[in-house]
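Participant: Take this structure first; my questions come after.
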Amino acid sequence: MTPPCLNCSFFPGQLSPNASTGLLSCNDSEFKEHFDLEDLNLTHEDLRLKYLGPQQVKQFLPICVTYLLIFVVGTLGNGLTCTVILRQKAMHTPTNFYLFSLAVSDLLVLLVGLPLELYEMQHNYPFQLGAGGCYFRILLLETVCLASVLNVTALSVERYVAVVHPLQAKSVMTRTHVRRMLGAIWVFAILFSLPNTSLHGLSPLYVPCRGPVPDSVTCTLVRPQFFYKLVIQTTILLFFCLPMVTISVLYLLIGLRLRRERILLQEEVKGRISAAARQASHRSIQLRDRERRQVTKMLIALVIVFGTCWVPFHADRLMWSMVSHWTDGLRLAFQSVHLASGVFLYLGSAANPVLYNLMSTRFRESFRETLGLGTRCCHRHQPRHDSHSHLRLTTVSTLCDRNSRDVPLAENRDPGCEQETDPPE
């Protein structure tokens with residue numbers, strides 16, 4: 001996503017974005033430090049090039065190719081995820097509702113944010129969508145980004161409750177509860193997007209002694225930078241640092257709980273007299289250990305993807321808000337961070353379906369079925385450990401829940417999957 005200053009060639013501290021719209025007095029003390037005698041003899045095109053940079057970024061072609069690849073993979077993957085969850089009743093589980101909301105958020109980022117950013121990279125100025133388009137773009141992109149973070153955090157909390165407090169999950173983590181949570185997530189994301197949106201607007205380039213430059217309007221920061229700095233720091237704290245700490249702690253507690261259960265099960269097996277019972281229990285423990293290893297891998301993958309893809313984005317915003325005097329070195333560093341933030345942010349939106357496909361047998365088979373490719377083998381003829389050994393992943397652990405609409409998450413456990421049958425056509 002583009003930085004809060006949507007034209008990354010324009011940096012704060014050069015000219016006042018909310019100055020008077022009239023001709024600027026050459027004696028005005030506000031502009032003495034910015035005044036350049038050369039500006040009096042430059043054409044409007046030269047002024048735009050000097051202060052706003054070229055209309056098209058230098059790296060446009062490689063960025064365009066990279067973004068298009070991400071767009072195709074992400075749009076198809078998230079679109080297929082939404083289709084699978086909507087069309088297959090077996091996928092109507094509480095956990096998958098979170099995945100559906102996350103996929104919708106990622107789709108909006110890819111369908112709205114990515115094309116607009118490519119357009120601005122090719123045509124930085126003037127901004128063509130008007131004031132309404134400026135506000136709508138900031139609000140929409142900010143909302144879907146915040147909603148993505150909240151969805152991942154809520155999904156992690158759900159997994160923690162289901163694994164560590166299964167009794168509470170029976171009565172609390174129902175589908176109705178999840179629907180309400182999703183509604184609250186999106187409302188909350190919209191409300192927290194309003195402050196940043198209100199700080200932006202349309203502003204032309206102002207040059208001392210020359211006034212506003214024609215065809216230089218950009219959708220950028222139009223309020224004092226102090227307020228923007230406060231909003232950005234608060235947003236980073238609430239929607240990155242706090243979620244990352246929360247998710248890491250929850251996953252650590254889940255891992256400790258699974259390890260503790262494994263030790264208890266091993267001690268229980270040792271205490272049994274029957275060799276046959278001991279052997280059967282040993283096989284059961286092996287299957288559960290396999291599932292738990294998959295759970296751990298999925299949790300680690302989610303944390304790494306989430307953190308890696310969002311660090312450049314927040315570094316971009318923080319740098320833009322904190323730097324008051326831009327040197328050539330800082331400008332070059334900011335442009336590099338800005339390009340990286342866009343690639344990683346969109347890459348993160350495209351990565352989730354890839355994770356589902358790599359780490360969930362059920363999702364792979366559902367994708368194949370939705371695409372009309374069939375499945376490699378039928379569940380009811382598979383060995384039991386193959387049919388559900390990968391189901392208790394962090395984001396797809398309740399996919400084995402069949403034919404129930406309000407079954408609590410705690411009941412979507414492995415033993416329940418053993419009795420599963422295909423839903424009626």
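Just so you know, glycine gets a Cβ as well, placed from its N, Cα and C.
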Participant: So, Leu37 and Gly130, same side of the membrane or not, per Swiss-Prot?
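Facilitator: Yes, Swiss-Prot places Leu37 and Gly130 on the same side of the membrane.
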Participant: Do you know which of Cys26, Cys209, Cys219, Cys241 Swiss-Prot records in a disulfide with Cys134?
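Facilitator: In Swiss-Prot, Cys134 forms its disulfide bond with Cys219.
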Participant: If I look at Swiss-Prot, which residue among Asn18, Asn41 would I find recorded as N-linked glycosylation site?
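Facilitator: When Swiss-Prot is consulted, N-linked glycosylation site appears for Asn41.
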Participant: Count the residues of the topological domain 'Extracellular' (118-137) that DSSP assigns to helix (H, G, I), to strand (E, B) and to coil, and report the three numbers in that order.
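Facilitator: Residue counts for the topological domain 'Extracellular' (118-137) by secondary structure: 13 helix, 0 strand, 7 coil.
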Participant: Determine which residues of the chain contact the transmembrane segment (60-80) at the Cβ level, with the cut-off under 8 Å and only residues 6 or more beyond its ends counted.
Facilitator: 103-104, 106-107, 110-111, 114-115, 117-118, 121-122, 339, 342-343, 346-347, 349-350, 352-354, 357, 367, 370-371
Participant: Counting other Cβ atoms within 10 Å of each residue's Cβ, which of the disulfide-bonded residues Cys134, Cys219 comes out lowest?
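Facilitator: Taking Cys134, Cys219 as the disulfide-bonded residues, the minimal 10 Å Cβ count falls on Cys134.
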Participant: Might you confirm whether the transmembrane segment (97-117) is in contact with the transmembrane segment (332-352), defined here as three or more C-beta pairs under 8 A between residues 6 or more apart in sequence?
Facilitator: yes
Participant: For the topological domain 'Extracellular' (118-137), give me same-chain residues lying six or more residues beyond its boundaries with a C-beta closer than 8 angstroms to one of its C-beta atoms, as numbers and ranges.
Facilitator: 2, 6-7, 9, 48, 52-57, 60, 63-64, 67, 112, 197, 200-202, 204, 215-219
Participant: Could you give the mean pLDDT over the topological domain 'Extracellular' (1-59), rounded to a whole number?
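Facilitator: Here the predicted model's pLDDT, averaged over the topological domain 'Extracellular' (1-59), is 55.
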